[in-house]
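J.: Straight out of TrEMBL:
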type	residues	note
COMPBIAS	16-29	compositional bias 'Polar residues'
REGION	16-47	region 'Disordered'
TRANSMEM	237-256	transmembrane segment
TRANSMEM	263-281	transmembrane segment
TRANSMEM	309-332	transmembrane segment
TRANSMEM	353-379	transmembrane segment
TRANSMEM	419-440	transmembrane segment
TRANSMEM	470-487	transmembrane segment
TRANSMEM	499-520	transmembrane segment
TRANSMEM	532-553	transmembrane segment
TRANSMEM	565-591	transmembrane segment
Amino acid sequence: MAAQGGDDAAAGISTVINRRNAPVTSTPINPAGGSSPTSSTTKLSVGAYNPPENDEIVVQGNVSPTTPYATSGGGRISSVWPTASSPNEGSGLTGPGGDQEEFSTYLDTEKIIIPESENRIFSFRKLWAFTGPGFLMSIAYLDPGNIESDLQSGTIAGYKLLWVLMWATVLGLMMQRLSARLGVVTGLHLAEVCYRQYPRVPRILLWIMVEIAIIGSDMQEVIGTSIALYILSNKAIPLWGGVIITIADTFTFLLLDRYGLRKLELFFGILIIVMAVTFGYEYGTVQPDQLAVLKGMFVPGCKDCSSQAVLQAVGIIGAVIMPHNLYLHSALVKSRDIDRTKKEAVSEANKYFFIEAAIALLTSFVINVFVVAIFAAGLNGKTNQEVHSMCVNASNDHADIFPANSTELVEADIYKAGVYLGCFFGAACMYIWAVGILAAGQSSTMTGTYVGQFAMEGFLNLRWKRWQRVLFTRSIAITPTFFIAFYQDVEDLSGMNNILNVVMSLQLPFALLPTVTFTSSRKIMGDFVNGIWSKIAASLLSAAIIAINLWFVVTSMQTSMAGYWWQYLILALLGTFYFSLIIYLTIYLLYAFGFTAVKSLP
């Protein structure tokens, strides 16, 4: 461990947790950078930042010095977490009946073997082996919340905000790159590293924030699926009925991962293809102005835009960069069998995962552009009266959703968007739109299930059976959604997506800050630590994204609050707690950057 020298001035513990019941190896890292064997019963401090005494765990077994990574060039890769795959590995944790399979995610049951290739620069065969995690991650960029943000962007500002969508996707790619690198280099996903690095109370608070983001995302998927079923059944399936159906379909999809990892990834790929085909068909039918699309994409600015358009631009960033997606991506990359004892293998994995993520997010960006352009061409500047008249002429049963005598501009949502397409381009377009929304909801439901399980296992070192985890998340998501669907109308249900986008924006710091912190720590990343320019860029991007999203949240609240004193009191209390946790995480970030003076802070 001499390679960790001066950068590792703080005392810590390096651990290696081997596969299934293998002995645990540990090496104390002293301030001088040396190492010495420990006794057979060793207290391992959880994290490199000296957490409280009650966060220590006792490991029994043969304990001996760790052998550092060796590369073909004679160099060394130093990492605090060389081979661990899960907090529970080696614990022998099983269910009541001794069946460990019931507790496993698909990552535990199968690893994709990476083939050898003579071409060291690039191999399509290797890229194909690494393909999967990035596309599963990209589904969060295509969930019903994003689709609604897209169509509202087109309706409010036309093509003028396409450049915001493009750069938000680029920013998302940069953060996903850091997330994937953390998983590849450490062998642990983001929640597992949080478990080892943060003390108990902040760690649990962080888990709660991530769960809020997961549940908020799950509610968006429930809303999208129920509206899609409502349209496809021509109102035969009521909204509340669609909400209930989402319970059953999630458990059905859980059976898919028993048929193999590649088949599961193929299924998600098919859902993405369905979205591309359906929304692409609508794009071809509407035929937006191609020059205006390109101009909106590559010419920044929003001339003559209203304050609502500016707010929508900020909302796009909050909808695209999803907090729980960073936790998901860092876990998905563990599904590939990477020889982490070789620096070249780790570097190669980072390269191919980045290429795959770039291709996946390019695909999601094109699909999002389809949606923005469709409604920029069709609904931008149109009044409710105009659309209602067209729907009546088309004998559309859903025409009443647009007030007949209203000269106000249309406020679009997922349901109104489908009705508009049916009125102007025929019923087939409305049903094809609903199929695309259904695919978006179903694909996001499954990835949400996985990230929920990863978060619980990582933050709490707690494993539930898959059906229990799904029931927990889905029950919380469905309860408020069901009551709104039962007692209110489709507009109220669809309008919830805007509120949920605000909730997701609030949770973003609790994914960005840990990601930048851990990938900037030499103790954790070793030779793959962020360089100085990467640290600066990641920090500035994170600060900008957090500031933009907070402005979006504050502005949204100001327009929706009635002005009662008790509302401001609750907001002040929640705000104090919220910013206190952000400041705490920022202190850890500064320590990872080398500001050791903050170590003395409580």
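Start at 1 and count along the chain as shown; that gives each residue its number.
Here the Cβ of each residue, glycine as well, is placed from N, Cα and C on the backbone.
Burial and contacts for the listed features, if you can.
T.: Counting residues 6+ beyond its ends, the transmembrane segment (309-332) has Cβ neighbours under 8 Å at 107, 132-134, 136-137, 140-141, 143, 145-146, 149, 152-153, 156-157, 160-161, 164-165, 168-169, 171-172, 175-176, 178-180, 182-183, 188-191, 210, 213-214, 217, 302, 357, 368, 447-448, 450-451, 454-455, 458, 498, 501-502, 504-505, 507-508, 510-512, 515, 545, 548-549, 551-552, 555-556 in the same chain.
Through the fold, the transmembrane segment (499-520) approaches residues 145, 148-149, 175, 178-179, 181-182, 186, 190, 193-194, 197, 206, 209-210, 212-213, 216-217, 219-220, 315, 318-319, 321-327, 330, 529-530, 534-535, 538-539, 542, 545-546, 549-550, 552-553, 556-557, 578, 581-582, 585-586, 588-589, 592-593 of its own chain, all at least 6 residues removed from its boundaries and within a Cβ separation under 8 Å.
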J.: Give me the stretch from 263-281, 353-379, 470-487, 532-553, 565-591 with the greatest number of Cβ pairs under 8 Å to the transmembrane segment (419-440).
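T.: Answer, by Cβ pair count: 263-281.
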J.: If we skip the immediate neighbours and take only residues 6+ beyond the ends of the transmembrane segment (353-379), which ones have a Cβ under 8 Å from one of its Cβ atoms?
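T.: Here the qualifying positions are 127, 130-135, 137-139, 141-142, 146-147, 150-151, 153-155, 157-159, 161-162, 165-166, 169, 172-173, 176-177, 180-181, 184, 272, 275-276, 279-280, 282-283, 286-289, 292-293, 296-297, 320, 329, 333, 387, 410, 412, 417, 420-421, 424.
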J.: Could you tell me what the rest of the chain brings near the transmembrane segment (532-553), counting residues at least six beyond its ends with Cβ under 8 Å?
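T.: Cβ under 8 Å, 6 or more out: 171, 174-175, 178, 311, 314-315, 317-318, 321, 502, 505-506, 508-509, 512-513, 516, 519-520, 582, 589, 593.
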